[in-house]
Amino acid sequence: MMDLELPPPGLQSQQDMDLIDILWRQDIDLGVSREVFDFSQRQKDYELEKQKKLEKERQEQLQKEQEKAFFAQLQLDEETGEFLPIQPAQHIQTDTSGSVSYSQVAHIPKQDALYFEDCMQLLAETFPFVDDHEVSSPTFQSLALDIPSHVESSVFTTPDQAQSLDSSLETAMTDLSSIQQDMEQVWQELFSIPELQCLNTENKQQAETTTVPSPEATLTEMDSNYHFYSSIPSLEKEVDSCSPHFLHGFEDSFSSILSTDDASQLNSLDSNPTLNTDFGDEFYSAFLAEPSGGGSMPSSAAISQSLSELLGGPIEGCDLSLCKAFNQKHTEGTVEFNDSDSGISLNTSPSRASPEHSVESSIYGDPPPGFSDSEMEELDSAPGSVKQNGPKAQPTHSSGDTVQPLSPAQGHSAAVHESQCENTTKKEVPVSPGHQKVPFTKDKHSSRLEAHLTRDELRAKALHIPFPVEKIINLPVDDFNEMMSKEQFNEAQLALIRDIRRRGKNKVAAQNCRKRKLENIVELEQDLGHLKDEREKLLREKGENDRNLHLLKRKLSTLYLEVFSMLRDEDGKPYSPSEYSLQQTRDGNVFLVPKSKKPDTKKN
């Protein structure tokens with residue numbers, strides 16, 4: 001045996017390389033890349049993906065460790081569910097000497113940016129809130145403890161005690177100044193935070209309106225400030241027994257706000273007996289006491305109780321109609337204010353929000369749907385005629401028709417109030433807000449005639465065109481040219497006449513077009529109805545013909561069977577229907593034709 005030497009697997013011959021290149025070019029033409037057949041390239045890609053996966057896992061593990069270390073420095077807030085940084089315990093150094101004690105602020109290193117929660121905690125630790133019944137500063141407590149009880153009076157003060165008192169006061173003043181500096185520094189640090197910039201403006205406004213009291217004033221007013229909250233009930237008790245001068249102070253401040261016109265109106269209120277006696281007496285007549293001889297004022301408790309009962313109950317519409325202030329009969333005696341939106345006054349200069357505009361809208365309300373655009377413009381151009389025709393739509397009633405309102409204190413039942421509400425009639429709405437009565441007009445008839453003229457008629461009348469608008473629109477061309485040749489017109493009149501005739505002809509053409517469309521629609525509807533009737537008629541005839549045809553077929557089959565049963569062969573036997581059939585020719589002859597191919601036939 002001859003041993004064959006095989007090439008090592010790592011080495012490839014030139015023929016194999018050429019074959020690989022040929023196959024690769026074919027695969028390239030088919031869309032396959034060379035890396036599919038290259039094992040080393042695939043191995044490199046696999047190792048690269050493996051390294052990327054390991055790097056990604058390492059990054060995730062590092063991120064988890066960082067998060068774990070971060071959350072270890074935080075604590076969970078049970079109220080908000082947020083993670084807050086753990087603050088170290090702040091030790092407050094206090095001076096226990098017999099002079100003055102003050103809480104020192106713990107030093108906190110300044111960071112680039114502070115959290116809002118850190119600042120609030122710093123503020124709470126630096127300036128702890130005290131109760132209402134505690135002294136506002138520890139300095140005052142120590143100062144009050146240092147002063148003996150027998151030295152409180154200036155009569156028994158010795159020179160040594162006075163010197164010690166002066167030294168303690170100087171120490172307190174220096175401590176207060178240092179406290180103020182520390183407070184200002186802390187506030188500046190707080191307001192340097194971006195989240196608290198919105199509070200800076202409020203702090204400035206408060207700094208402008210408030211002042212810092214001096215230490216001497218604080219020491220002298222300490223006792224009064226200490227008992228301020230506890231003295232509120234006594235202050236409430238003294239409100240009832242305050243002097244009338246205190247109450248007049250509010251009236252003076254109110255009168256200083258008003259203008260001179262309003263002040264004169266207020267003075268007229270005091271001098272007007274109708275307003276003082278009639279206005280609102282139905283509302284609070286239950287708790288207004290009669291003026292006695294001693295001139296005693298009703299107690300504030302009774303007034304507040306009656307007022308709460310009045311405001312607690314609902315106000316009915318009938319009660320408003322019974323009130324003299326809401327009754328139009330007493331409008332002459334009431335004083336009206338400028339710019340009133342109460343709905344009572346209709347005089348003087350009202351604002352845009354006043355109910356006068358709603359009154360005007362009700363007088364000159366929306367026109368009937370039959371009005372055209374030209375009539376609407378004509379109504380807008382002639383408001384005087386509309387104003388004169390406005391009260392015509394309102395029914396007039398005599399003074400005897402109105403029911404005199406009665407106060408509810410006289411014991412009337414609810415049914416009487418309802419009947420009074422139904423019988424209460426409306427008065428005539430005035431034409432303008434400044435008039436209480438409808439003005440008399442002499443040219444009412446002519447204004448009514450002008451109110452019904454169209455815009456073209458008004459324009460033709462203004463330009464003195466001698467013939468009516470209907471003739472301009474409806475005349476034929478020859479007659480219109482002849483009529484125009486008889487008169488002399490300027491450019492404005494000619495332009496108006498041409499415009500009126502053009503728009504009139506367009507309007508007539510549009511009407512004729514709509515008319516033709518309607519006629520075509522009606523004609524189509526009629527044709528559709530006729531076609532439906534004819535279709536129903538044909539359907540009925542078809543059904544009848546089908547029934548007749550079915551009856552004839554049945555008769556024919558009966559006759560066929562009868563004739564076929566009468567036929568006999570040579571032996572006298574009847575023919576089988578499965579083997580023979582009858583057929584008729586055009587001349588009326590009937591033949592017995594076998595269904596199978598047989599030459600013999602018989603003639604009947």
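Using N, Cα and C of the backbone, Cβ positions are placed for all residues, glycine too.
Within the set SER40, SER342, SER361, Swiss-Prot records phosphoserine at SER40. Looking at 198-217, 498-517, 538-557, the stretch flagged in Swiss-Prot as region 'Basic motif' turns out to be 498-517. Of the candidate ranges 169-176, 225-232, 521-528, Swiss-Prot annotates residues 521-528 with the feature region 'Leucine-zipper'. Separating the Cα atoms of LYS471 (glycation site) and ARG498 (glycation site) is a whole-number distance of 13 Å. Across all of the region 'Basic motif' (498-517), the predicted model scores a mean pLDDT of 92. On the backbone, the CA of ARG568 (glycation site) and the CA of LYS595 (N6-acetyllysine) stand 17 Å apart.
Of the listed recorded positions, namely ARG568, LYS573, LYS595, the sparsest CB environment within 10 A is found at LYS573.
With a threshold of 8 Å between CB atoms, the same-chain residues lying at least 6 positions outside the region 'Basic motif' (498-517) that come near it are 456, 460, 469, 472-474, 480. Counting in whole angstrom, SER40 (phosphoserine) lies 89 from LYS595 (N6-acetyllysine) by their C-alpha atoms.
For LYS486 (glycation site), the count of additional Cβ atoms within 10 Å of its Cβ stands at 8 [all protein chains shown]. Secondary structure at LYS471 (glycation site), as computed by DSSP, is helix. If you draw a 10 Å sphere around the CB of ARG498 (glycation site), it holds 12 other CB atoms from the protein chains shown.
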